[in-house]
Each structure stands twice: as structure tokens, then as C-alpha cells.
Amino acid sequence: MTGFSFAFDEITLVLFTTLAPSGAVAYLLMSLPVMLGRATGDAARRLNQLTCLPLVIAMVGLVASATHLGNPSNALYVFTGVGRSPLSTEVGCAVAFLALAGIYWLYSFAEHPRRGLQRGLLAAIDVAIVAFVVAVAFAYHVDTIITWSLPLVPASLVLNSLVGGPLIALVGFALARWPVSRAALCGLAAAAFVANTVVYVVLGAWLHPLANELATVGQLVPAYPAFAATFVLLSASGIALSWRAADGAQGRKAASSGQAMSAPAAEPLAVADAPAATPAEPLTVAAAPAAAPTEQGAATEQGDAPAANGLPGDLHCVVVRSIGALLALAGIFVMRFVFYMTHLTVGLGV
Amino acid sequence: MQYGFHFNGRRCTGCKTCVLACKDFHDLPSDIAFRQVYEYGGGTWRRADDGTVTQDTFAYHLSVACNHCGNAACVRVCPTGAMHKDERGLVRVDADRCIGCGYCALSCPYRAPKVDRVAGRSAKCDGCAERVAEGRQPICVEACPLRALDFGPIDELRAAWGTVADVPPLPAATATAPNLVVSPPRIFKDDPGRVRAEGRVQNAREIV
């Protein structure tokens with residue numbers, strides 16, 4: 001008896017818990033420049049519209065989760081259980097996030113959007129995102145399921161989202177041509193990755209001796225260390241690839257413009273990554289160039305110059321960062337699969 | 001009034017008539033059973049030099065269905081309220097509210113709720129509520145040839161048979177407060193420590 005068939009039956013939930021939290025965190029990160037007033041004008045418009053990327057990723061996860069329902073026509077009754085049932089609370093938070101984000105995305109096409117309204121909406125969305133990720137983390141935290149009610153299980157999902165989210169956000173920022181600090185985002189993903197790895201090692205030790213009358217965790221997940229190692233390999237590769245992507249883009253841009261990479265006025269990505277230019281920047285966005293904020297869009301346009309190989313300046317960066325994000329998500333997917341493999345209640349449930 | 005089951009572990013022979021009567025009455029497919037019989041046993045045997053064999057094995061049977069718990073995990077987690085307790089305290093599924101998410105099946109420590117993929121909703125023992133409403137016993141109780149099963153107001157069953165409800169392989173009664181009374185098999189009454197230490201489910205592959 002292994003947990004593989006059980007986890008495979010719940011594959012849509014594996015997909016959901018892989019994609020939705022990471023997409024939500026990516027949305028939160030991409031919303032910060034506009035919400036904090038650092039992105040304005042065309043740059044803000046591009047960022048707003050590109051939030052559809054993490055939004056679509058989160059929605060793909062949610063749609064996948066809906067496919068495991070036997071009778072979706074009764075789904076509206078789910079809202080009667082908000083606050084009582086963890087699953088209802090999760091769905092309620094998801095709907096709040098998606099509804100607000102959808103409204104915001106549509107409003108981003110307005111010719112003269114009100115900045116105050118946008119920033120207020122983004123703040124509300126970010127609160128909904130935090131609530132959503134926490135709700136997903138605790139969705140199966142039921143005392144009768146001994147393997148899922150361990151204290152570190154919710155932490156592992158939150159850390160999953162902090163590994164995948166920043167890497168997806170890096171893709172979004174590249175598409176939006178926003179000069180983000182890849183050091184901050186890759187650093188966040190790397191720190192979460194290290195913490196996540198530690199959590200999985202400790203969880204593995206906690207899970208191993210657990211058993212009920214029908215199975216042991218050792219039987220359900222016979223190769224936990226191999227799964228954890230796969231997570232480490234894939235996620236570390238994803239983070240490394242995302243980190244190197246900016247270097248490649250900068251290198252080509254520098255070569256095409258004939259300027260040194262450290263020339264801040266002409267190279268927004270270099271500005272973002274130069275520690276001296278952003279010494280006290282705690283956020284994931286770079287400090288604005290020395291000129292007025294309204295010039296940010298123009299500055300980033302310069303970064304979009306064709307590279308030496310004829311590709312748009314950011315295309316290579318986008319592709320490589322996308323591969324990096326996919327690798328990390330694949331690593332997270334493996335451990336989410338393992339999570340469902342470990343299902344074990346007290347007594348007789350397997 | 002809360003209803004519940006009594007199971008007499010000193011009478012059950014493990015014939016599984018209760019299982020089949022339930023499946024037949026409720027017209028259940030092969031992969032769904034509302035009631036299961038667990039064969040629980042342990043011990044060893046050894047052959048002596050003179051060829052004789054000695055053993056200290058033990059085995060007993062436990063017929064288990066939904067225990068219509070006082071603190072039912074399935075009711076607690078159900079997102080739509082479809083899983084609910086009726087006026088007799090029986091845990092039932094409201095088919096018009098169930099979304100078939102399977103959370104009830106995931107959380108129950110007795111494997112009572114099942115997800116009927118064809119119907120797209122949860123399905124479980126409802127204590128044969130319609131028969132009970134007519135003043136009759138659940139079909140499993142009526143079918144048992146050894147009269148090892150009984151059903152009725154749980155206070156009356158406890159007054160008659162005691163309060164034991166967590167004979168292995170059942171989980172601790174504190175988990176969900178099952179409305180179940182078990183008359184323990186002799187081996188468990190005599191040496192519960194040994195049963196808990198050495199016993200295991202012998203027919204795990206039969207269980208659906």
C-alpha cells in the first residue's frame with residue numbers, strides 16, 4: 001500500500017496548491033510598485049495590466065481544484081460555511097482575491113484611472129492574498145488527520161508560495177519592463193527555499209514514525225528523502241536560473257549600447273541591481289531613477305532596446321526567468337504530491 | 001434523542017452478512033461499503049523439536065459503520081453543511097447541498113463517508129433512517145445471524161452494555177465522541193495491553 005494512487009486521485013488539488021498560492025504571492029509582489037506610488041504613468045499601466053500573469057496562474061490552480069468536485073452546481077452553499085469549515089474559508093478568501101483582482105485588472109484599462117482608488121484596491125487585494133495563502137495552508141488542518149495537522153504543514157505551504165511567488169513576479173516584472181531588484185526577489189525566494197528545505201527535513205522526521213491501524217507513513221511514502229531531494233534540486237535550479245537571467249539580459253544590453261553595465265541613467269536593470277543605487281530599499285522594487293517618477297516609464301523604455309542578437313532586450317530574460325519559475329513550481333509540485341500521499345487519520349482512514 | 005449502535009464482540013463470527021445486507025439494501029457498487037468487518041489479530045506460533053506446534057495467537061472481528069459521532073469530523077469540515085445530524089442524531093448527507101469535495105471522507109477516522117463518483121456526492125450510512133422512522137431496525141442489525149448488532153437510543157445502549165467505544169482498531173473515542181458501544185471481545189477484556197501492542201488488521205486488502 002502506498003499513497004501514490006491516493007495523491008494521483010487528488011492531482012487537481014496538488015496542482016491547485018502548487019499554483020494558486022505562488023500566483024497570489026507573485027501578484028502581491030507585482031502590486032507593490034503601484035501601491036506604494038513608485039510606479040506611475042506608463043510603467044504603472046504596464047504593471048497593472050501584467051498582473052494578469054500571476055492572476056491567470058492562480059486561476060488555473062483554482063479551476064483545476066474545481067474539477068475535482070462531484071457536483072459544482074451546489075458550490076454556492078460553500079459560502080455558508082465560511083469561518084466554520086476550513087475549506088469554506090479558503091474558498092471565500094480565494095473568491096475575495098480573484099473578484100478584487102479582476103475588478104482591478106479591468107479598471108487598469110481606464111484612460112484616467114484614479115490613483116487613490118487603485119492603491120486602495122491593491123491594498124485590499126494584498127490583504128485578501130495574505131488571508132488566502134494562510135487559508136490554503138490551514139485548509140486541511142484537521143485534528144483527525146494526524147499527518148496534516150502537524151504544526152509545520154501550514155508553514156511548508158506558505159514557504160512554497162514564497163519560493164514560487166517571487167520567481168513568477170520576476171517574469172511579470174520583466175514583461176512589464178519594470179526595473180526590479182532581482183537581488184531582493186531572488187533573495188526572498190532563496191531564503192524561503194532554505195527555510196522550506198529545513199521544514200521538509202524536520203517534517204520528514206516527524207512523519208516517519210506516524211501510523212494508524214492500516215498503514216504507516218513509511219509505507220505511504222516509501223521514498224520521502226528522494227522526493228525532498230527532487231524539490232531541492234528543482235527549486236535551487238529555478239532560483240539560480242532566475243538569478244542569472246538578469247545578468248544575461250544586462251550583458252546583451254550593455255553590449256548593444258556600448259555602455260558599461262554600471263551606467264545607471266541609461267540602464268534601469270543595472271540601477272536596480274547596483275547596491276550603491278539602492279542602499280536602503282527594503283522593497284522588491286528598485287529606487288526610482290534620479291529624475292521625477294513620471295520618467296520611469298521612459299527610462300525603462302531604454303532598457304527595451306533590441307539586443308545584439310536582434311531579440312527585444314527583455315525577451316531572453318523573460319524566457320529564462322520563466323524556465324526558472326517553472327522549475328521551482330515543479331519542485332513545489334513534487335512536495336505537494338507528497339503531502340497528499342501522506343494522508344492518514346487516527347484509526348482507520350488512509 | 002441521540003441514536004447509536006451496539007456491537008457485541010463476543011458474538012460476532014466475522015461472517016460479513018451485515019456488510020452484504022447493507023450493500024444489497026442500499027444498492028452499493030463494489031467499491032463502496034457503508035459497513036465493514038475488520039479482522040483483528042496477532043501472536044505467533046512455533047514448532048517444537050518433537051514436531052508439535054504451540055501458539056499464542058488471538059483474533060476477533062469488529063463490524064464498523066458510521067458511528068454518528070457527537071463531535072463528527074465530517075460534519076465539522078463539510079464546507080456546505082450537507083453533512084449534518086438529523087433529529088435522531090444520525091449523520092446524513094443532504095444531496096441537494098453536497099458538492100462531492102470528499103473532505104468528509106478525508107477527515108473521518110472510521111472510513112465512514114465515501115465519495116460516490118458516479119452520483120457526484122458523498123454517500124454514507126444513515127442508520128437506515130427511513131426504516132428507523134417506520135419503527136424498524138437498520139438492515140445490518142436485522143440481518144446479523146448472531147444478533148451481534150443492535151441499534152437504539154444511545155443512553156439505553158450504554159445503560160445496558162457500558163461505555164467502551166474504542167476497541168482496536170477503532171481510534172480513541174475522544175477523537176470524535178462516537179455514539180457506539182462495544183462489548184469487547186474476550187481477549188481484549190483479559191489483556192488489552194497485549195492486543196494493542198501486537199494486534200493488527202489482518203484483512204486490510206478487503207477494506208474499501
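Residue 1 is the first one shown; counting continues down the chain.
Every residue gets a Cβ built from N, Cα and C, even glycine.
Quick look at what TrEMBL annotates:
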TRANSMEM  A:12-35  transmembrane segment
TRANSMEM  A:47-67  transmembrane segment
TRANSMEM  A:87-107  transmembrane segment
TRANSMEM  A:119-140  transmembrane segment
TRANSMEM  A:152-176  transmembrane segment
TRANSMEM  A:183-203  transmembrane segment
TRANSMEM  A:223-243  transmembrane segment
TRANSMEM  A:318-339  transmembrane segment
When you check the transmembrane segment (A:223-243) against the transmembrane segment (A:87-107), do you get at least 3 Cβ pairs under 8 Å, counting only pairs 6 or more apart in sequence? no
Contact ranking winner - A:87-107, A:152-176, A:183-203, A:318-339 against the transmembrane segment (A:119-140), Cβ under 8 Å: A:87-107
Quick test of the contact rule: Cβ under 8 Å, at least six residues beyond the ends. What residues does that give for the transmembrane segment (A:152-176)? 17-18, 21-26, 28-30, 43, 46-47, 49-51, 53-54, 57, 133-134, 136-138, 140-141, 182, 185-186, 188-189, 191-193, 195-196, 199-200, 202-203, 206, 235, 238-239, 242, 245, 249, 284, 314, 317-318, 321-322, 324-325, 328-329, 331-332, 335-336, 339
Report, as numbers and ranges, every residue of the chain located at least six residues beyond the transmembrane segment (A:318-339) whose Cβ falls under 8 Å of a Cβ in that stretch; write 'none' if there are none. 7, 11, 14-15, 17-19, 22, 148, 153, 156, 160, 163-164, 167-168, 170-171, 174-175, 189, 193, 200, 221, 224, 227-228, 230-235, 237-245, 248
